[in-house]
Amino acid sequence: MPPGTSIRTPNTFCGQIIHSVKWVPVVFLMCIVAWSYYAYVFQLCILTVKTFFEKLIYLIIYHFLLVIFLWTYWLTIFTPPATVPRKFLLPPEEFEKMGRTTDETAQRNILENFARTLHVVNRTLNGAVRFCEKCQVVKPDRAHHCSVCGVCILKMDHHCPWVNNCVSFTNYKFFLLFLGYAFLYCFFIDITSLQYFILFWKDLQGNLENSSKFHILFLFVVAAMFCTSLASLFIYHLILVGKNRTTLEAFRHPVFIIRGPDKNGFNLGTMNNFQEVFGDRTLLWFIPVFTSLGDGINYPLKIYSEDTDHLLGPRWEDEEAGSSSLLH
């Protein structure tokens, strides 16, 4: 597939079937949300909660959390992941030349010569330029090939079946907000339905209708399960953001030209790392609009002095001018 284009779409019957199956987790999750809406709004708030003021407060907060949760979920699903620009595509004659030789040194030299103008600092474990044979591109820093999407993705974190999309440079902020707001949505359901959940167990012959009782019971249990899993996943990704690592980089440290594998190669300090994902405009941090810094290709690096090995400062490398400037 040519780089810089959208994710491929299947054009065969089998391909369409596979494409449809990938949406099953999303449809399943939406069915749970639809049921939870019925259980919370109708069974709990309308039929069970007694006072009008309590109903009103519950419904206002619930619908606010539901809207922003679905908004961030929608953006995480339907924001296309950024693919590799065409300038990283190895010319056909160079690719054919690589295919005609079995000499690894010769192949490596072809890639090195082509990559000189691309400003890529990540390498393979043996120090070679990272190259994707399927996409025929030199991989930009932090880019990886997604076997599900069938294309190289900029700053790929992972492919998430629950959103049927790659979590990457273009939607990572939306993914984090989705985790956070989904957690708040489930947590709010749990804390407001807890007293009625307890009432169900204390008095099976109470004032609640049997159908309402079972809806409230399962609503609390399902929300608690999702709340626990979302909290752990959200905290894990916040830790990754604080260290400026993707999920893939947490398992396999990025390799740099000079110093080799370095898990802190992109670590600019907690605040700079946070701003790289959420942007430098505080008012927009928690609103689902794209504010991430950079272009998904070039990243500021944690630079060390070769002599003293102390931190000189995070810098944006200037590819054209051959200089660098401090990240503010």
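Heads up, the Cβ atoms here are built off N, Cα and C, so glycines get one too.
Fair warning: this is a prediction, and the values are worked out from it, not measured in the lab.
Annotation comment: TrEMBL describes 26-49 (among others) as transmembrane segment.
Taken from TrEMBL, the feature transmembrane segment applies to 56-74 (among others).
Computed over the domain 'Palmitoyltransferase DHHC' (130-252), the whole-number mean pLDDT of the model equals 91. Taken from TrEMBL, the feature domain 'Palmitoyltransferase DHHC' covers 130-252.
Under the heading transmembrane segment, TrEMBL lists 174-202 (among others). Same-chain neighbours of the transmembrane segment (174-202): 36, 40, 44, 48, 58, 61-62, 65-66, 68-69, 72-73, 75-76, 79, 157, 160, 163, 167, 208, 213, 216-217, 219-220, 223-224, 226-227, 230-231, 233-234, 237-238, 241, 277, 286, 288, 290, counting only residues six or more beyond its ends whose CB sits under 8 Å from a CB of the stretch.
For 214-239 (among others), the entry in TrEMBL reads transmembrane segment.
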Counts by DSSP class (helix H/G/I, strand E/B, coil) across the domain 'Palmitoyltransferase DHHC' (130-252): 70 helix, 16 strand, 37 coil
